[in-house]
Amino acid sequence: MNMGPLSGWVFSMILASWALTEARTPPSPPVTDTTLFQVASSLRMYVDELPLIPKLFGYTVVNGVPQPANLTIGMYKTTWKFHRDLPVTTVFAYGASAANASVPGPTIEAIQNIPTYVTWENFLPQSHILPWDPTIPMAIPKNGGVPTVVHLHGGISPPQSDGHPLAWFTANFAETGPTWTQRTYTYPNTQHAGNLWYHDHTVGLTRVNLLAGLIAPYIIRNVSLDARLNLPLGPVFDRVLMIFDRSFNSDGSLYMNSTGVNPTIHPQWQPEYFGDAVIVNGKAWPYLRVERRRYRFRIINTSNARFFRLSLTNNLAFTQIGSDGSYLPNPVATQAIVLGPAEGADVVVDFSTTAASESVLTNDAPYPYPGGNAVDQLNSKVMKFIIQPGAPSQTDHSHVPPNLKTYPIASNAIGGANTTRYITLYEYLTPAGTSTHLYINGLRFEDPVTETPRAGTTEVWEVINLTSDNHPFHMHLAAFQAVKIQQLVDLAGFTSCMTRLNDAILCNITSHATGPLVDVPPTERTWKNVVKMAPGYKTTLVVQFFVVDNAHSPYPFDPTAEPGYVYHCHILDHEDNAMIRPMKLVH
């Protein structure tokens, strides 16, 4: 097995002596968990109203016909008020200008099959507002500045517009990464209607740039489908909920640990970031006044590492209609929704079904997931819905139809799959049991490409998780879904063999993948861009390398162009060190 970065770290540590003194902001004084908890505990819940995220339209209308639009969006250092009683917080934020930059950034609303063009601009300062670790694979500009590059998560985008981790650039494009090519990105919007989001994707800095605030929604609409489904619609009754967690110092500044779990190897890196305060749309534990009618909530977990298992109090339930960027074939009534980082759920809640005057959105997911700490009185609460008395202000004509959207069925595609690949997730530990780094297939990000799918084909990816964590597995460009989840038997023996040989076939995966089967949840039986990988299991994915909608369509661009794509764990601390691999499509 390739254990390469341990030798690479020696060189990295030489770089670190320069980077830590010349390019990195001084580490904050030690802050205890108790202090952070006290700061979050001092913030009264449900006193700030849920913000309505600003919106930019990714199209124009000419004579009643939608046409492509050109947007310019910058990344700015600004301040943000996360809670009424918390001092302002310095953040990085997306916005059409410095004056209206926000956390989250503006929703881009696009229309299916109408392209959107976005020029991304970097106005970030010379130094980062958070500590970062130069000993992991890292974008380090020679002349300072904060590197950034934007990825449309879930987007079917040309390689040059996908936000490749090495396509970063600093302010005014003073320096660019090795795969940077252009200032303006093209988003064809040819995929099915659904909920996406955009965020920073710079190699080694993704976790700190997102933590600083570089997240925002992106919605693709199909107007005729909206009319047919007749789901709740409009800015009041159709809302995005971006949920994430943060910790704050007493002066309001964002807290991020500045000492690693293995500081002699990585001065700053820790395997997961968990915040004490739960934020929705930029406010800590907000409230939303709702009428006794149906609402649609497009929920996206934009945390660095936290999973959420969401429920509603007072006997309210979710009707889930979509997962990530696509609809479910049929609605699913459910009392709870489990979302890994970067995973989404599209739900309808009917507030007329309870006599209560309020309902709290709660969380009970352990952290790390699934075998970590139990939630406490802070991270077990998300937000409150205050249900107004009496009938709604206008008759609610929306409904949830019994049939939503029909896509090609994943299990039917297995027989026509061109290739089966084995993808194994590893975590490397010190003798004391603390994490040093994580790899896919025992390879570094910078090692040669080993996944070269043919454009227009179907593949089966057998993802084997040999770690103790559940990893939200994300692939750029491709649509995929789980069709089989099976526990591994004699996990210790199989892991021992894989540690020596790093070859699932030679280690006889067929005899180990014979444990109990776990049903794919009904809420996840659609084409997704994130699938949770349970520890000690083999998850079978059907992966489509073409546009999946009403029928199979080729990509409307050359997907084999440079710089290609990537796939990775979406726990950002894992992705940065270095659970990410390149993927290059071929003809």
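A Cβ is built for glycine as well, from the same backbone N, Cα and C atoms used for every other residue.
All TrEMBL annotations are machine predictions without curation.
Residues annotated as signal peptide in TrEMBL: 1-23.
Taking the domain 'Plastocyanin-like' (147-222) as a whole, pLDDT averages 98 in the prediction. According to TrEMBL, the feature domain 'Plastocyanin-like' maps to 147-222 (among others).
As annotated by TrEMBL, domain 'Plastocyanin-like' applies to 276-353 (among others). With helix defined as DSSP H, G or I and strand as E or B, the domain 'Plastocyanin-like' (276-353) counts 3 helix, 48 strand, 27 coil.
Marked as domain 'Plastocyanin-like' by TrEMBL: 439-583 (among others).
Sorting the domain 'Plastocyanin-like' (439-583) by DSSP state (H, G, I as helix; E, B as strand; all else coil) yields 23 helix, 55 strand, 67 coil. Across the domain 'Plastocyanin-like' (147-222), DSSP helix (H, G, I), strand (E, B) and coil residues number 13 helix, 25 strand, 38 coil.
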